[in-house]
Amino acid sequence: ESRERLSVCSKLCYAVGGAPYQITGCALGFFLQIYLLDVAQVDAFYASIILFAGRVWDAITDPMVGFFISKTSWTRFGRLMPWIMFSTPFAIISYFLIWFVPDISTGQVMWYLVFYCAFQTLVTCFHVPYSALTMFISREQSERDSATAYRMTVEVLGTVLGTAIQGQIVGKVDTPCVGSPFFFGLTNSSVAMEELNMTHDTGSLTDTRNAYMIAAGVIGGLYMLCALILLLGVRERRESCELQSDEPVSFFQGLKLVMNHGPYIKLIAGFLFTSLAFMLLEGNFALFCTYTLGFRNEFQNILLAIMLSATLTIPFWQWFLTRFGKKTAVYVGISSAIPFLIAVVLLDSNLFVTYVVAVAAGISVAAAFLLPWSMLPDVIDDFKLQHPSSHGHEAIFFSFYVFFTKFTAGVSLGISTLSLDFAGYQTRGCSQPGQVNFTLKMLVSAVPVGLILLSLLLFKLYPIDEEKRSKNKKALQDLREESNSSSESDNTELASIV
């Protein structure tokens, strides 16, 4: 057990590997739509196709990459590390080209569609094996849980970093806009529009495009640095019981076994509703602050409060789940946002209350970040005990969890957009109709609270508590010792024959 303990340096190197996915994801999530419409000047219809197709393709690639990883043989670098190693440079190139405006009159839509989907594929080739790497840095549950806490802290910091880098660099340049001719008199509207278009096509737009490429270069450099730290600072360990066989694992047989594993399905179901709740809150929080609460100029600060609160409370949740158990941490952590979500809607618009709610939401966000990745390895351990002769399914567990999470993100985006559209949302309006404000209250309060309560009911069915974890840990240790003794006896017998 002492040999299985990870140093703080190893945990930090492992944790840093989670930053690229979050940094690039935040930059794309907050800025890609504005970039396509205002900087690259892609038609809104085609921009929506690019964004939607990219999301769909991103979800599809997770099980695809999980399939190919399960067919990958072990190398001297491991089975997962080569995927991270070879995907990194191509991911950085494709990410940079997303933020580059090609000097072509036709084919611009195809340019962004190809490179957006290419980047989503390559970052999946990084993130899926990185997620599965949790099972191969140590065989001790406590060490994996500790490393996961380090990882979640760095990932939350990555979300802050991605938003800050992109926002600060791009924010220094004023993105030009084109006014509507209806705001000018009939006699001078054409002249005013001509002047605006000249400004739009010259210095300001060029500076804005350069700023986006500079931000892409900085984020690409961080992506490379984090990948190098991961590759040089973490060693992928192979289970001794897997050394006895190098036969490729059937992906579809493994997928059938995984999807028939009860604890995995119950865990996924619970966190699906939790993810949907927090994604609805995240996706509509800016509109809620701007129109319903009237804090148009405070949104960035409120968002920063959420992220900083989440970052600072991840160590607390790691201590809490170690002290009181993971199921208890789920009940307390996820439900802690409920009273504050209700309060922000029922009370009058108050900036102080909004900041209190932001901090409380950050505490729950930290729990939602940490707990799924901390509980998935327990499910895999339980699966190994029930199927001791079936190996190499770790990537399936992690990739399908990510797939369902991304699918949930698409569902939440569709629900929000349709609901606001039916309510009569006015694009770029200074204020919104009462029905829109009511809908926003539902999307950030009532619906998330209902989904959180439903997820807590599903977690009651999750069978792996602390007692079950302890039994599994002892059983796995006995299985490894039996496997090791079997290998030693085989080696002794072979030596005697020789």
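Along the chain as shown, the residues are counted starting at 1.
Keep in mind that glycine also has a Cβ here, set from the backbone N, Cα and C atoms.
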If TrEMBL is the reference, give me the range from 12-32, 54-74 marked as transmembrane segment. 12-32
In the same chain, who gets a Cβ under 8 Å from the transmembrane segment (328-346) while lying at least 6 residues past its ends? 270, 274, 281, 293, 317, 320-321, 353-354, 356-357, 360-361, 363-364, 366-368, 371, 441, 444-446, 448-449, 452-453, 455-456, 459
Going by DSSP assignments with H, G and I as helix and E and B as strand, what are the residue counts for the compositional bias 'Basic and acidic residues' (470-483)? 14 helix, 0 strand, 0 coil
For the transmembrane segment (211-234), which partner among 12-32, 264-281, 352-374 gives the most CB pairs under 8 Å? 12-32
